[in-house]
Each structure stands twice: as C-alpha cells, then as structure tokens.
Amino acid sequence: MADHQARQSGSSQRTVIPDPQLAKEKSNLTNYLRVFAYATRWDFCVYVVGALASIGVGVTMPLMNVVLGQLVGDFSDTVQDPYNMDLNNFKSMLQKQSLYIVGLFLGRWLLNSINKFCFRMIGIRLSSAIRHHYLRSLFAQSIHVIDSMPPGAAATAITATSNTLQIGVSERLGTFVTYVSTIIAAIAVAFTRSWSLTIVSASLLVYIAIIIAIVVPIYLKANAATLKADAQGTAVASEALQGIRLVNACGAHERIISKYSKWVTKAMERSQRVAPIIGAQTGLVFFGIFGVFGLAFWYGTQQFIHGVIKNVGVVIIVLTSVMLILFAFSYLEQPIMAISQAMVAATELFKVIDAPLPPMGSFTPDINSKDLIFKDVTFEYPSRPGARVLDGLSFRIQAGQNTALVGPSGSGKSTIVGLLERWYSLKHSPVLPEAATPRSSKEGERDNHDERKYERSTYEVPIMVPTNLTGALSGSISIGAHDLDDLEGKWWRAQIGLVQQEPFLFNSSIFENVANGLLGTVWENESEAKKRKMVQDACQEAYAHEFICRLPDAYDTRVGDGGAKLSGGQKQRIAIARSIVKRPQIMILDEATSAIDAKSEKIVQAALDRAIKTRTTITIAHRLSTIQKADHIVVLSKGRVVEEGTHKSLMEHENGVYYSLVEAQSLRLSTTDDTDSDLPATTYVAELKSAAVDIEQPLEVQNDEDNGPVVEPEVLRTLTQSFVKLLEGLRDQSSSFLLITIASMGVGAATPLQAWLFAKAVIVFISPSDDLKKEGDFWGFMWLALAGGVGVAYFFQCWISLRLQYHVGATTKQSYLRDMLYQELSFFDDDSRSSGTLIGRIAGDPKQVEGVFGLNLASATSSVFTIVGCLIISLTFGWKLGLVGLCVTVPIMMVSGFWKFRHELQFDQMNAAVFAESSQFASEAIGAMRTVSSLTMESAINNRYKQLLDGHVEAARRKAQWTAVIFGFAESATLGCQALILWYGGRLISSGEYSLEAFMVSYMAIINGVEYAGQILGVAPSAAQAAAAANRILDVQDSNRSSQEAEKSGPTVEDTDGGVEIELCNVSFKYPTRNVSIYKNLDLTIKKGQYAALVGPSGCGKTTIISLLERFYDLEPNHGEILWNGTNINDFGVYQYREHLSLVSQEPILFRGTIRDNILFGVADPSSVPEERIHEVCRDVFIHDVIVSLPDGYNTEVGAMSLSGGQKQRIAIARALIRNPKLLLLDEATSALDSESEKIVQAAFEKARKRRTMIAVAHRLATIQDADIIFVFDQGMVVEKGTHGELLQKRGIYWDMCQTQALDQ
C-alpha cells in the first residue's frame, strides 16, 4: 500500500516522477525482491517454513556423502586386510549405516513435501496478488492512458508474464534454495574433512560465478527485447481476433498473419542470437564441474602421498561432495533461468503498478439546481500538441434542462463528454507509458481518442511531462462554484448517467448489468430484493421489461460476450436502464438512440424524455429528430459554438448551420396527410406499450440448461498423441533433432564414464605407494579429457535445442493464429472462446509447447541415454547389483515419477482453467474501460477479480496437498534406493563375490541411473502445462482442417459488370449457438444493379442477411439457398467468393498501422494499387482533404492520430470501395456520421451504386429513401416492399416509421 500512496504527487500544473533514465536503471533484482512485499505475515511464515524445509532437503545429500565415505573406508579396510575382518561387525555396521540412510530418506520425503507445498502455495498467492495489483493500478490510470496502450498487452501481462513470475517465485525458487543449501552443506562437510582439498574444489564456484556474471546480463537484455517483440505480435493478434468479422469480410487473413509473423520472427531471431552464448555458458560450466573433480582427485592423491590425508574415506567424502556440487550446479541452471525471467516479468509488471496516479479531487458538494459552465475551454490531446479540439469554448448547461450538442464530426462533442466524465483534465495531462495494458476495441469513442503512436517498446518506463509540453490546456468547467477537477472523481461520476453510442454489456445476467448502475450510489449495498425492484422499474422506464420477461430466464438471462446475444436496440435499452437506475442528477446521452431502428427509437425516446424531465441533460445526436424537443441546442464547429437556441429559433435562420443539418436529414413525406401524423396522447402511450412487446423478436440466446451452444466436443488425446502430432509439423527440423540426439548421446555417456572413473579413483588410493603418483596423474588427465568432451556435448546440445525451441515457439504461434483466423464464425460465438480468452491462449499456449521441445526434450533424451549407459556398465561390472537396479530401483523411480507427472498434469489443467477465467474477465473489463469508469465499477471489478483469484488459490491449496506428498516421495526415493544398493552391495563384498572396483562402478552407475530415471519425468511441470496447451492448439487445428475440407473448389465467381442478382429462396436459418429460428421459408430477390434497403425493428433479422451473404454462416442442407447470378453461393470457394463483395459495418474498426494500410486492408496485393486510385476513392468519400492535412498524410499512424468517428467511418468506406466489389453491403454504415458528413458520404454511395448491387441495412430512413427497393422486415419476414413513395402510399409499417423520424412537422 505504501508505494501506491507515494505515487500520488505534484500540483495541478505539473506531475513529477523520478527521472526516466534512473527508472530504467532500477535493478531487475530489486523488482524481483519487491514481489515478496505483497506477502502477508502468514505468507512469510509459510515462506520461512518452506525455506527451512528446502534447506533441510539440501542438507540430506551431503550427510549421505558422510555415510558413503565411512562405508567406502570400511570396504577399503576389508579389501586390504580380508583375513582380519570380523564378518558380524561388518554386517552390523552395514545394517546401521543402511538404516541411517533410510532415516535420511524419510526425513527428505517429509521435508520435500513441505517444501513443495509451501513454495507452490506462496507462488500462487503472490502471483494472484500481483495480478490483482496490476489490474487495480491500471484502472486507477486516466482513460487516455489506457487508450494509448496497444491491444493484447493486458492479456500478455495477466497471463504469460504473470505465469512467468509465478514460476520464478514458487517451486523454482524452492529448488534454487535447495541446491544452494546442498552446495553450502557439501562444502562444509568437505571443509571439515580437508580444508585444503576443499579450497581447491571451491575454485569451481569462482569460475562459474565469472561465467554467469558475463552471460546473465546478455541473456536478460535479449529476453527483454524478445518480450517487447512478443507484445507487439500479441497486439496484432488481439486486434485481429477482436475484429474477426472484418478480417473475414476483407479476406485479410494472410495480411494479418504476415504482420504477426514479422514480430514473431523478430522475437525468435533475437532469442536465437543469444542461444550460442547460453550454449557456451552451459558447456563451460560443465567443463568446469567435471574438470574440477579431476583437479580435486589429482590434488587428493598428492595429499595422500604426503600423509596429509590418511583415510581414503576422507578423499571419498570430499570427492563425492564435489560430485554433489557438480549435480547441484547442473540442476541450478533451470531455476536460475526461471528466476531471471521472473525478474524481467516483475520489472514489466511494476512499470504499470508504479505508474503515477492522476490527482483526484476531494469535494462532494450539493450540486442540485446548479448549472454546468464551460468558460474559455481550450483543449488539445497529449498526443497531438498543436491540434486544438476545443478552442475557447464557452457555453452554459442549465440545471434541469435538456441541452443538445450538435455539429459535424470532429467538432468536439465527445471530447466534451470526456471532460465532463473527468476522463481528461484541463489542469493536468500526463503522458504515460505504452508499457501497460491496452484497451480492447470493443468499446470505442467516436471523437478524438488519445491513441498514441506505438513507436517505442511495449514495456517502457513511465514518462510524465509538464502540461505546457503536451498541448494547450486552459479555461475551466464548473458546477456551482466548484471546478470539476476539485470534485471527488468517483462521487462525481456517480451523479452522471451516461448512455453511449456503442453500449457495452458485461458477460453476465441482465439483472447484474443493470444493477451495475447502482455502484457508487447510496443503493449499492441494498438487499437483492430491493435492487431487483429498482432494476425492474428502470427497465420498465426504458421499455425493456416486456422483452426481458419473454426470455427463458428473464432477468437472469446471460447476454454473452460484450452483449453479443442481444440486438443493437436491445443492448441500448439495457444500457439506458443501467444509466437511470441510480437516479442520476445529470444525464449524458451520447448518440443514445443511434443504434435503434425507427420504431424502437420512438419507444426509447419516449422513455428518455420521461427519464430526463427533472434532470440536467446533455444530449449528443447526429439524428436530429431526437433533439427537436431539447430546451437548448448548441451548434459546434471546430471546437467553438457557432449557434445556440431552440429547434424553432434555429430553423428560422435558413442560412444557418443547424438549418442545413436538418435539411440534410429531411424525409420526403409528400404523400402523407399532415393531419394524421400526430396521434392523440392516449393512443400514443398505448402504441408505445404495444410496440415494446410486439416489435421485439425473442432474444436469440440459449437457456444454459436446455439450449446450450452447439459446439464440437474437444478431442481427448494422450500426451504422446499430442506431441507426435505436433512433431509431424516439424519434419523440416529433422536435422536439428538428429544433432540434438547426437549431442545428447555425448551428454548421456558422461555419467557412466564418470562412474567408472570414480571407481578407478577409489582404487588408486589402495594401490602400492610406488604406483600412486603415476596412477593419480593418469586418471586426473582422464577426468580432464572427460570434462572437455562433456563441455563440447553440452554446448551443442544447449545451442541447438534452444534454436529448435525458439523455432517451435515461433512456428506454433503463427500456425495457431492462422488456424484461429480461418475458423468459421460460429467458432467465435461460443462463450468459452471470447476474444479475451483466445488472446490469452495465443500469448500463453505456444510458450508452453516450445518449452517441451527445447531444453526439456534434450534433457529427457540425454537422461534416456544416461540410464541405458548406466545399466549397461552396472551389469557389465556387477550383474547382480545391476539387476537390482534394473528390476527394483529404476521401476520405483519411474513409477513415482509417473504419479508425480499425473498429479502435476491435473493440477496445471485446473490452474489453466481458473486463470483463463480470470484472464477473460480482466480482458473484458479493460476493453470496457469507459463503461467501467462511468459506472464507477473499478472497485467492483477489482473485487470480483480478486474473488476469482482467491477461489483459484483455495482450489490450488486443496490440490497441492496431495501433489506435494507425491512430489516429495518422487524426489526423495533415490535415497531409499541408495540404502538398498549399499546394503546389498556390502553383503556382496563381505561374501567376496565383488571387488571394491566392481562394487563402486555398479553402485555409482545405478545411483546416477536412478537419479536420471526420476529426471525423465522431472519435466512434469513443463510437460503438464504443455500437454493441455498442445491439446488446445490441436483442437483449433483440427477444427480448421474440418473447415478447409468443407471448402469446395467449385465454380469461379464470374467478373460481371453492373453488379449481381441476389436471390434468397425458401431460406430457413438459426444461429449455430442459438436455438431460435431467425427465418422460416424466407424469399427475397434483389435484381442486378439495384440499390436495396432492409429496414425494420431491432431483432427482426436484417443484419442476419448481411451475415449470410458474407458467408459468415452457411445454410444447412434442405434449408433453402442463396443464389448469386443463379449459382448457389455455397458452391463457391468462400475466400474467392468474398473477394467480390465488401462490407461496411456500423462500428468502424481500424487496425494498427498507417491510414494507407487500413485503406488497403482488404486488397490482396496492396502494391498493385496506384496512389492515384487511393486518392480517388478517398475523394469520393470526402476524406482525402482530412488525410493530406495530417503531418504524415496517408502515412500517418492510426494510433498516433485521434480520428473522429465520422472520419474513421469514411476510411472504412474507402476500404470497402477500393476493392471494387460487385456487391456492397452497408450495415448501418452512416449511423456514426453527423448530418453533414452523412450527406457527403451518401452522395459517394449514390456514385458508387451505379456499377454494382448495393444492399443497405438502415435505421435512419433518410439515408435509404432513394433506394430502388425497400424491404420492411418484422419477425424474420418481409411484410412490405417497394420504393419509398410506394410504401408511403400504403400507410403501413414503413409509413409509421417515417412519421417518427420526420423533422419538418
């Protein structure tokens, strides 16, 4: 908590933080140690217990060396003087020492179990705490800071980065403590026996420390660079998955994959560049380890010759201690690497956690009946100094009145909303890092988002600069006598009810979504019954109650990811209910009815009119029919007020801006009778109530029990099946596998040879004194030769396996994203495959798989060769002892390792499932940051996230108890095996069957073989995680193959002039994940070159036709057909078919890159499009002048420029037209545009329609009144069709919709 409090500093004009260069130099180790500051007192107690247990585990093996040394000494005495041996005393001593080893085994089992349980639990607890603090710190930042973050970084931080940190503070840290204590204890034991020999042996420590000091900084730097490139790639994948419909419509799969591959390849190359350095480190370390054993052996013989060491047991204790240090150092490699990666991960996470917080006010005054006053407000976004959004803006919003803000796109309307919501400030405008979590594109703002160019690395030190360097900020916004910046932020937002153009709903029940509006109010802690009553009242006010009650679960119906299971109008009414349930004093309606059809608009507008009667209201609208009754209308242009007044007074100025805006939206109603247009009040209210029920198609959601999503079950595969299938895709790496195998054979041969050399070393000490020096020199040289060979083998093994590992990771990432992008759209409709979940999988799953195919694979391979070599040499020198090892000890280690692996697999599957849930929740919340902020949901989101994490910790605690016991046994069983081998081998020596050399060779070979047998399955943690990840990857791959197999290579779409004829013949359809029929036997014909419009209430099936024409979904057999110039569209190859049509959706989506990149997004070969063609299309949609006015013109990065919603939409339209489609689909394509822009773009459409067929879905009827034919839908059927004039003459549903939107009555 202390560092959170320390971060808030500075004045209203300047926020000061430490110099960024100093921040960059902060030690990774310091940040790693800071992680432990999140531990509670109880956590520290558990840590102490776990650390003591780890130390105890580490000490057991050096104590075992003491026993072994004493036994060898006794065996040596027996061999030298067999006639004076007391057999009973020898057997008694043998039994005593064997029981002592059994005691060590039991103690090590207990301590290992405690160690594993404690470190695993604390690791999960600390990881959960860091994840929680990361999210909390992110939500405490200003909105524009989160706007500037690239998509996907949140998922990376909360999944892959946090997982890396968790590994480095849990079991791997415990392993590090264990082996460090082993090294220290081994040195202590050796030192007490012979300090001089120990000092010689300890030279190894200095040697390894020098190597590590050289290599680790290089590795850390390379790893940080890799993380940055990975984050860039994740951002590309994130955008693609969030905009998957647009990617499919544009056929931009390969473009996205190419862009993603560029970053993935860069990350791979950076990693592979450091692979030989890590290989050299490993080779040099193992050369030193084996070499120092030869040095210690040679020096020991010298000491023995001169009488300094008199007992061969002393030499054995020291030598085995050196060997133990050898093993301990070799085992330290992975823990050190894990801790190093955790240091980097901690630094990345703390960059966000430590980011300075914006100043917050503290006043909570009475604002009832107080006016809102804008006085000389000048505002520029931090990323756009010099580009004024508001320029000396002054106006007053009267208390209790409805003030409407109108004007063209980019005039500053939504910036005013941002200032009122305190998302931006006139006193401080910090520029914060691109190091944190991005916002999702699910929830956009239409005007002037502060999206900064992503030039620097994704993870960078926070930077704040003085406001005078970030753009002009002046003026004031006040309510009563109080400046908005002086008010307490959350309290102020709780006084505002905000309804945005693009409503965002959370993937929870309707009740929970509406009840979110009560957060931060006096009703937040009311009983559920009271809340339900308030929610129901609010829904009735918003005319949503009736359609909700018709759902299977009513208010408990879940709305899907982002509210995907609701129509646009349904979502908007839920959002309106959410905003009015808290009875706010101020209402802000930011295009609140833009997504609603004409009839629904009349209903909702009536609800809004009723809701705002006694409230101060700010209404932003492009559809001017919604603000005719406003008490005051403010007309904006270029950040200034150009006109003010009522609708009536402004319409008196025929040359005025407002008058021209109204004229642009007017509907021709010449065939209507004016006397009939106004209904009596009682009739109007009755009509509203009737329409609220009748126009709504039942919500297309499924009852979770009865009508669950129809998704294909995941294929269950064994670990072997998963990895064999993945290996099939790595045939091009067969040479790497071969080289790894050869190098692993060299590594595997080291241990059997070491056992033989060790036995020879023991025999040397019982040789005649004349031969001792000569033998000592010879065998010391043999140790040196072995060290050289082992160093070379380890160098190549590590280098090649790391290169393979990084290659596997890169190729898996690319194929994984490719398989995801090429899925059918129904794949993404399943709740378990939300964009947040898939982004987390893209970031995490390939990482898990690459770990198994790299060093872990090489380690397992060399372990197999080691076991085989050890068994061969033990059977050669002593077959009886070898058989005991083969038939008893090795099976024990293998079985215990198998059970360890099995429980670890189950644990990691549970771990992945829970963290996937929490990751999905966090990603969804970050994507809806504006909604979260406006509803003051930050605390609720944090608490819910913490509940998810706490639940995971508790589930992990229960599971970890059993896995810890099994782990403890598996990692201690080697001591039990040693007790058995020593006891049996001693009996063989005492009976004279074995010589000391035969026993020592067999004993050392069996013990080392047993150790490596356990290590084969010692990769359980990595393999367990990788197995689950591999299954998910293969499930996606198999699903994509099914899609590809379904792809037909039928007829080619003919390149015809003048458009195409579209026929829907007897079409029946329901969505794959929903059990509700959309159409039953629908027939519809659109002639070649026609401009057809589809209109009707929300949920009637208009947009579904667009989805079917785009082949987002295909009709099932015998459910009708859709014909393209007489050919069933299902007969065409889907990707080739989509090249001939373009889609412009209601919500414009622009991807990272330049404006030119976005315009050419749907073009297969962008280089083939001349620059003049790009300019021509942009001129047609009247965006060219805006683009060339930007500093970099068409090369302007989209993220570096805050484009208004209208500007974004015009770029999206240019993107559609440059493909020269035969069929142009417009799904509310002009709904985000102001009247002036709409008129311009409509003219562009009129020009574009001459050469193609055009189908438009529209709620704003003025945009389609010139259509050649208009189809009026209701409940999945065409109930009227004709031209605008013909339908008005019928005075039916269409006529009624026109009356609602008419502006000239």
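Cβ coordinates come from backbone N, Cα and C, glycine included.
Listed in Swiss-Prot:
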CARBOHYD  Asn28  N-linked glycosylation site
DOMAIN    48-348  domain 'ABC transmembrane type-1 1'
DOMAIN    372-663  domain 'ABC transporter 1'
BINDING   407-414, 1096-1103  ATP binding site
REGION    434-454  region 'Disordered'
COMPBIAS  440-454  compositional bias 'Basic and acidic residues'
CARBOHYD  Asn468  N-linked glycosylation site
CARBOHYD  Asn507  N-linked glycosylation site
CARBOHYD  Asn525  N-linked glycosylation site
DOMAIN    738-1025  domain 'ABC transmembrane type-1 2'
REGION    1038-1057  region 'Disordered'
CARBOHYD  Asn1040  N-linked glycosylation site
CARBOHYD  Asn1066  N-linked glycosylation site
CARBOHYD  Asn1075  N-linked glycosylation site
CARBOHYD  Asn1125  N-linked glycosylation site
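According to DSSP, Asn1066 (N-linked glycosylation site) sits within a strand segment. Here Asn1075 (N-linked glycosylation site) is positioned 45 angstrom away from Ser411 (ATP binding site), judged by their C-alpha atoms. Cα of Ser1098 (ATP binding site) to Cα of Asn507 (N-linked glycosylation site): a distance of 21 Å. Rounded to the nearest whole angstrom, the C-alpha distance between Lys1102 (ATP binding site) and Asn1066 (N-linked glycosylation site) is 16. A straight line from the CA of Asn1066 (N-linked glycosylation site) to the CA of Gly1096 (ATP binding site) spans 20 Å. Gly1096 (ATP binding site) is 26 Å away from Asn1125 (N-linked glycosylation site) when you measure Cα to Cα. In space, Asn507 is the closest of the glycosylation sites Asn28, Asn507, Asn1075 to Lys413 (ATP binding site), judged by Cα positions. Summary: among the recorded positions (Asn28, Ser411, Asn1125), the fewest other C-beta atoms within 10 A of the C-beta are counted at Asn1125. The average pLDDT the prediction assigns to the domain 'ABC transporter 1' (372-663) is 72.
A helical conformation is recorded for Lys1102 (ATP binding site) in the three-state DSSP classification. Fewest Cβ neighbours within 10 Å among the recorded positions Asn507, Asn525, Asn1075, Ser1098: that distinction goes to Asn525. Cα spacing between Cys1100 (ATP binding site) and Asn525 (N-linked glycosylation site): 39 Å, rounded to the nearest whole number.
For the pair formed by Gly407 (ATP binding site) and Asn507 (N-linked glycosylation site), distance between Cα atoms is given as 34 Å, rounded to the nearest Å.
Cα separation, Asn507 (N-linked glycosylation site) to Asn28 (N-linked glycosylation site), rounded: 38 Å.
Per Cα geometry, Asn1075 is the residue among the glycosylation sites Asn28, Asn525, Asn1075 nearest to Gly1096 (ATP binding site). Asn28 (N-linked glycosylation site) sits 43 Å from Asn525 (N-linked glycosylation site), taking the C-alpha atoms as the reference points. Set side by side, the binding-site residues Gly407, Gly1096 differ in how many other CB atoms lie within 10 angstroms of their CB, and the most is found at Gly1096. Distance between Cα atoms for Asn1075 (N-linked glycosylation site) and Asn525 (N-linked glycosylation site): 37 Å, as a whole number.
For the recorded positions given as Lys413, Asn1066, Cys1100, Lys1102, the lowest number of other CB atoms within 10 Å of the residue's CB is seen at Asn1066.
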